[in-house]
Amino acid sequence: MAPNSSIPRKLPILIVTKEVLFPGASMRLSVNSTRNINMIRNRLSQNTLASTIIGVVPKEPGSEIDTADDLGMLHPIGTAAMVVQVTSTNWPATNYTILVTGICRFRLEKIVMEVPYVVGVVTQLDKFNVNEVNDENPGLNELIKNFRNEAAKLVELSDISLPVVGRVRNLLESIPGQHLADVCSALLKASYEEKLELLDALDLTDRFQKALQLLIRQVEIMQEKKNNHSFIIKRRMIKPGDNVGAVSKNLDENASETDEIHELQAKLRNAGLPPQARKVAFKELQRLKRLSPFSPEDGIIRSYIELMAELPWSRSSQETIDIQKARKDLDADHYAMEKLKKRVLEYLAVRQLKNSLRGPILCFVGPPGVGKTSVGRSIAHTLGREFHRISLGGVCNQADIRGHRRTYIGSMPGRIIQGLKTAGVNNPVFLLDEVDKMCAGIHGDPAAALLEVLDPEQNCNFVDHYLNVPFDLSQVMFIATANTLDSIPAPLLDRMEVIRVPGYTHEEKLHIAKLHLLPKQLEEHGLDKSMVTLSEESIKILITKYTREAGVRTLERKLGAICRAVAVKVAEWNSSSTGNDAKKETVMPPVILDEAALEDILGEAGVAVGLAWTSVGGEVLLVEATQVEGDGEVMLTGQLGDVMKESARLALNWVRTHARQYGFGLENIGGDPMSNADVHIHFPAGAVVKDGPSAGITIVVALVSLFSGRPMARETAMTGELTLHGEVLPVGGVKEKVLAAHRAGLKKIILPKKCEKVLVEIPDYIKKDLAFILVSNVDEVLQAAFDGGWKL
């Protein structure tokens, strides 16, 4: 615009929050509110861009709704601006960014249009006149001279690579002095309220006094940062009306706290960094010293150096290994689990003899609630090491393991490095919980990233993307836990030694409930043993009728429910005894928890059905078969997996092939058990996914029972894979299935003959309650599955 020209009386208004534009200054503004976007689309076409003038009006501080669409509490003073550039993005939402240069101040008289964008009537208050001079006010000229000198200092202390600093530097000598306060406002680090005060200062003397105070404050702050003394000058806020010279003198006389740069430098020197990490850390420290405190990189570099200084590069825990004590601690903390405790003691013994042992990586596999995590914590306690748990369930980004590169906004180190920082030593026990629950995503495969972490030959030089220098993980003891091995990639599984943790038997659960769970729940609910009478028989009822699991979590929850019911009775007794002297002297009788009381508290007991191995232990399931008139089709229901569907079809084909040999049901269905009838096979508990080949012989028995009309023998369960020739193949999870059958009260179990060696793992007191029938073909299965055998 021409120096003395006027702005239009009506202007389209751009409402901004937390931003103040001054005449002569340039600023980029983000436009994302509805009214502002409409104004850009309607008024700022590229054809008229060079001649478009808009009004930039800030919101009042303290506005309840911090959005530009809210027209309440608009500041009365705004800035007319020339639009220099408009850029736009359409993803993830429409957004504009405009570059504007301030022209002059105006007063917003009224708003004459609100939709689709805001138009206001304005009154011009000043002009950006390059020829204006003022020789009649020597006080103002002195202020301008002081301001120019301080502004030159600020430019020297600032990062010259920033565009705004270079622009102010070029204008500093050529621009008329009366416009310095507005032009230099872009470099001032001031609050939103302070900038609004500068905008409202229409008198030049008042404007320069306020701006000079802010400028001196900022120069002092940056000078303190730049000098890097052992002590920095203690600052206080310069308020409008203060004597600038007196305040500056006070600032020079005040001592202060230790410089942050020196603190970081001292931390790095004491951190015991290896040579490569030390070289990188001190290089970043030198960069930090050269940066302006207001540079965007300042916080990023500072966070990186603080992490480098806090990591335990050379700090480690002192190991204390006592095998006898470890055995006692494991037996006291964990009932049963003999195989797992034996392997842990073997590891500790070798560790005691050879302190430089690398690996192995132990992986505890078993159903939930059997104590996998608590065993890892016990190992850390026995070794005298720090313990840290890393939950990997649901992790689908490899950056969770390796960290983010520092080129990204909001980058951070991976969970391994963060865990080391939390532990504070370089030899903690890391429990990688739920390694089977990780999944590959668009950001990489975390299981692949774990390969380097768990490989003893590679993890001595583990490089986190955030750190970008090697960190030695060879002293860390890694323990993994999982519910199943099916979802763990083979390369990752190859780096771990699998130790299976089967479910507990009834007797083991009884001991765990008496020794651990019940005392824990009583303490958590503020009760003691004298208030509750819970017999062994009641605990057995609780285990057999109210819990259906391999672990003890549900059992613990049920005991917690019982304790809450008892707590209510105790609280009612205490309330009723208040004010009753006779009752105060009487001790509350213990609450007797028999079967009736359990049913009253927990509800009626459920019935367990079915037989299978699952990732949460063994379960008993039913297989139901029925036939209706039809065309020989097969229906399979119960949310079955592909393998189980194939087993069901294979069993049907075997039955159809051998129907005449076994002579069942031919006269009722036209001589062919499949020609005129549809067969429906259903596995109850339809909400549970079922898969695997081990139900093959069970389906055969169900179909034979259907077509022959003979019921299967009572209290009998079976498992085994079937071939087309009628052979019975071995299956996995035998121990868990046997425990599930025992929990369900079954007496006879039919197993593949090749699974006989697994029976040695089953406790003797379980085996004495069960009859095991080992079979190698379907003939033997049918002989054992029906009362009186099967006669051909």
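Glycine is treated like the rest: Cβ placed from N, Cα and C.
Here is what TrEMBL records for this protein:
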- Ser694: active site (ACT_SITE)
- Lys737: active site (ACT_SITE)
- Gly366, Pro367, Pro368, Gly369, Val370, Gly371, Lys372, Thr373: ATP binding site (BINDING)
- 11-219: domain 'Lon N-terminal' (DOMAIN)
- 602-788: domain 'Lon proteolytic' (DOMAIN)
>> For the domain 'Lon N-terminal' (11-219), report the average pLDDT of the model, please.
In response: 81
> Looking only at Gly366, Pro367, Pro368, Gly371, the binding-site residues on record, which one has the least crowded Cβ, with the fewest other Cβ atoms within 10 Å?
Replying inline: Pro368
> Cα distance, Lys737 (active site) to Pro368 (ATP binding site), nearest Å?
Replying inline: 16
>> Please list, in sequence order, every residue of the chain apart from Gly366, Pro367, Pro368, Gly369, Val370, Gly371, Lys372, Thr373 whose Cβ lies within 8 Å of the Cβ centroid of the ATP site.
In response: Phe364, Thr481, Val501, Ala550, Gly551
>> Between the Cα atoms of Thr373 (ATP binding site) and Lys737 (active site), what distance do you get, rounded to the nearest Å?
In response: 23
> In Å, rounded, how far does the Cα of Ser694 (active site) sit from the Cα of Lys737 (active site)?
Replying inline: 11
>> My understanding is the cutoff is Cβ-Cβ under 8 Å with a sequence separation of 6 or more in the same chain; which residues meet that for Lys372 (ATP binding site)?
In response: Phe364, Gly366, Thr481, Val501
>> Give me the count of other Cβ atoms within 10 A of the Cβ belonging to Lys737 (active site).
In response: 27
> So for Ser694 (active site), how many other CB atoms are inside 10 Å of its CB?
Replying inline: 26
> What is the Cβ neighbour count of Val370 (ATP binding site) at a 10 Å cut-off, with all protein chains included?
Replying inline: 27
>> I want to check the contact list for Gly369 (ATP binding site): same chain, sequence separation of six or more, C-beta distance under 8 angstroms. What comes out?
In response: Glu549, Ala550, Gly551, Val552, Arg553, Thr554
>> In whole Å, how far does the CA atom of Pro367 (ATP binding site) lie from that of Lys737 (active site)?
In response: 13
>> For the C-alpha pair, I'd like the distance in angstrom between Gly371 (ATP binding site) and Lys737 (active site), rounded off.
In response: 19
> If you count Cβ atoms within 10 Å of the Cβ of Thr373 (ATP binding site), leaving out that atom itself, what do you get?
Replying inline: 19
